[in-house]
Amino acid sequence: MSVIRVTDLDLKGKRVFIRADLNVPVKDGKVTSDARISASMGTIDYCLKQGGKVMVTSHLGRPEEGVWSEENSLKPVADNISERLGKPARLIKDWVDGNFDVAEGELVILENCRFNKGEKKNADETAQKYAKLCDVFVMDAFGTAHRAEASTYGIAKYAPVACAGILLTEELDALTKALLNPARPMVAIVGGSKVSTKLTVLESLSEKVDQLVVGGGIANTFLKAAGQNVGKSLCEDDLVPIAKMLMEKMAKRNATIPIAVDVVVGKKFDASEPAVLKNADAVTDDDMIFDIGPKSARELSDIIMKAGTVVWNGPVGVFEFDQFGEGTKTIAMAIADTDAFTLAGGGDTIAAIQKYDIYDRVSYISTAGGAFLEFLEGKKLPAVEILEQRAAGSR
């Protein structure tokens, strides 16, 4: 990734505009989970220490454009950052036309960028106004890098200098290492309820990986494609032919999609539903598959332990209910123990990592959802592409 990095620049006395991803959950005016703020502080602290006049903005929620609302205000975020810095970080409400000053080594929070007209549509006029506020634009919001908006793309076109922040650089380096130059064997684990929502990811990965592990509802469609009864389990019958095609395509190049040999079933989706272990060929018409069995989990664990690279996106069972969580737990522990480079991303995956307490034992955890998936699909991320173009133009 040939982009200018913020750490390559002299920021002293410069007006620095950071687009971060501070879209955090808020309840009763307080931030309830500040992982994204923590992840963004590296870039913010760096720019402050370098003597920049630092402005940071983000979206929060989905407000109506052009209308300020308390529920989508960045005030709780500004309070959280002020506490971290031990000094106030001013929240500036109407900032698009300037009308505010920032001192060297000071941080101001620019109110939710989605309150601004033209933000979502990437309006040129809005982007140019943003660009006039700064000498250096720092894109650090990997979570929105797949969207071309005024604060992620437009400003990068017009700012005097456009660069990548520390978090964005780390994300891109980790994804590049895992997907573009992977150590072999390469294993991808893709879970989730539906093949249809991850179809392009599965198709793209099926051409790259040595083993493509499918989990959750997705695995049921592949089980059916392998000729097994899946009972009343979540399964997309219309995509069974595509599952077969992916299995055949991978087999032709000696790669595999491992199919479960045993499963854990119940009769209904309920936290108190008893778990029943069955061989995969013994599922009855009224069963619902909620997890893989211990034999299948051991097989997958062995695959992970022998891997050079593991990409994890999605659990392999209904791990929210402990009786259907053993498969995901086994996989999580193998990912923690393997010598492979491990990359994980997606909300459910991060929830599993937290539940099984392996956060510090995964090589890299991506904070992004949609952008992570689009990178896995092999798509170009617009906000990264524009940084590459600006870097090429500055040589």
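Yeah, the Cβs are placed from backbone N, Cα and C, and that goes for glycine too.
Record note: Swiss-Prot gives K198, G346, G347, D348, T349 as ATP-binding, and the candidate from E171, E320, E326 in that site is E320.
Same-site candidate for substrate binding, as annotated by Swiss-Prot with D21, L22, N23, H59, L60, G61, R62, R114, R147, chosen from R15, R36: R36.
Between the alpha carbons (Cα) of D21 (substrate binding site) and D348 (ATP binding site) lies a span of roughly 19 Å. Counting other Cβ atoms within 10 Å of each Cβ, the binding-site residues G61, G346, G347 show the lowest value at G347. Under DSSP, N23 (substrate binding site) is assigned to coil, being neither helix nor strand in the three-state scheme.
The substrate site in the record is lined by D21, L22, N23, R36, H59, L60, G61, R62, R114, R147, and its two most distant CA atoms lie 18 Å apart. D348 (ATP binding site) sits 22 Å from H59 (substrate binding site), taking the CA atoms of both as reference points. In this entry, ATP is bound by K198, E320, G346, G347, D348, T349, whose most widely separated C-alpha atoms sit 21 angstrom apart. Taking a C-beta cut-off of under 8 angstroms and a sequence separation of 6 or more, R114 (substrate binding site) has the following same-chain neighbours: H59, L60, G61, R62, P63, E65, N72, K120.
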